[in-house]
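Single-structure report; data block below.
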Ligand SMILES: Nc1ncnc2c1ncn2[C@@H]1O[C@H](COP(=O)(O)OP(=O)(O)OP(=O)(O)O)[C@@H](O)[C@H]1O
């Protein structure tokens, strides 16, 4: 048993690795601290959990809300706060800087499932992935130091960065790899400041061979934390140690980070991760299903991959909820079930409306296929449905007219304008038509502008 470990009562296991990080009562409140900011509210964090206890037959599926680190590992960890003091709240803040007697404490805080083997390559991530593989082979020795990976929410930045860490550890277990979010770094630093322990904090970081800092945008405006990070960064870099950072936007758009820190990012490589295309999404879903030993019909996989196109975490979350429903209802997963699950997800999240989504809903409503909607046919019912879908795309997406035209079978932007005008004109005199539009808006969970 480690020093300071409370004996009773047994603490509640962390519900979520991210949730726990700021719950320790020993932490300063937000007002005391530098603005900790960085809420995760825009994340799809709480899809239904797929619990084994519901049925012993259930396949295990790691949900998107699962901790980014290994949960078992966390639960075995001593219940201490960052700096080793007793944690009266009973929550686990597993990440801590060891004290002087524990210099051999070198946990990496990596999720062991985040490896290159489980990371699907696509056009969306090719450069970032290749650079990461090169780094994993020769950490600190390539030109990619630091590596800054940026991209939208839930697109695999953490997975890729941790894959490097896992690979480095696999090749050489003696290497000290450390994964930390910038929020944790900030919290620890504030704690160190408060306890007059900044030197110990800094020394701990200076031992690291591969430092992975996730979501560095949350360092914005935290000047003292940035200063300390800058110092650690320089020392590690000078000593040939590898630094990997992730962020949700390109470094040039990182407001609130000091110029001298930003200039350091240019020393290495900045690589982006884009939204994956349809085929890559399918490959990711299939890979997840395979790794969990679960079988889902191809049409369901395609349907989900087609409709959830902007966030892999959301895609995984929908899959988890589908698996949970299927097992609760003791039914095989089929397309209808997938459609329902998707409707619920769409209703429960502030989903960005896409042209694909509008086409899907409109074609379903009129009982035609998306292909027909995009086709050249002038059949009256299809042409009318197409006009409506174009109108919605113009009114409720941010896409330019040219893109909308393109997505409707390569039509000209003037066709989109014409379709929209025709729809607007008809709404002025046709109440039944208006009702149809309202029903469609309702299905898409969009509030009418009119
Ligand atoms: N190319 C990929 N292959 C396999 N799985 C992927 C891929 N991209 C993303 N994922 C999965 O999607 C989920 C979300 O990925 P991750 O947490 O790495 O995203 P992120 O970009 O770090 O998100 P955030 O911006 O919220 O920090 C993870 O379960 C991850 O395994």
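Here the Cβ of each residue, glycine as well, is placed from N, Cα and C on the backbone.
If you check TrEMBL, you get these features:
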BINDING   154, 156, 157, 158  ATP binding site
COMPBIAS  17-69  compositional bias 'Polar residues'
DOMAIN    143-279  domain 'AAA+ ATPase'
DOMAIN    354-423  domain 'Chromosomal replication initiator DnaA C-terminal'
REGION    1-100  region 'Domain I, interacts with DnaA modulators'
REGION    1-91  region 'Disordered'
REGION    327-450  region 'Domain IV, binds dsDNA'
Shell of the ATP site beyond 154, 156, 157, 158, same chain only (C-beta within 8 angstroms of their C-beta centre): 151, 153, 155, 159, 160, 246, 273, 312, 313
Coarse DSSP state, helix versus strand versus coil, of residue 157 (ATP binding site): helix
DSSP-assigned states of the domain 'AAA+ ATPase' (143-279) in counts, ordered helix, strand, coil: 69 helix, 26 strand, 42 coil
Neighbour tally for residue 154 (ATP binding site), based on other Cβ positions within 10 Å of its Cβ: 21
Counts of helix, strand and coil residues, the domain 'Chromosomal replication initiator DnaA C-terminal' (354-423), according to DSSP: 52 helix, 0 strand, 18 coil
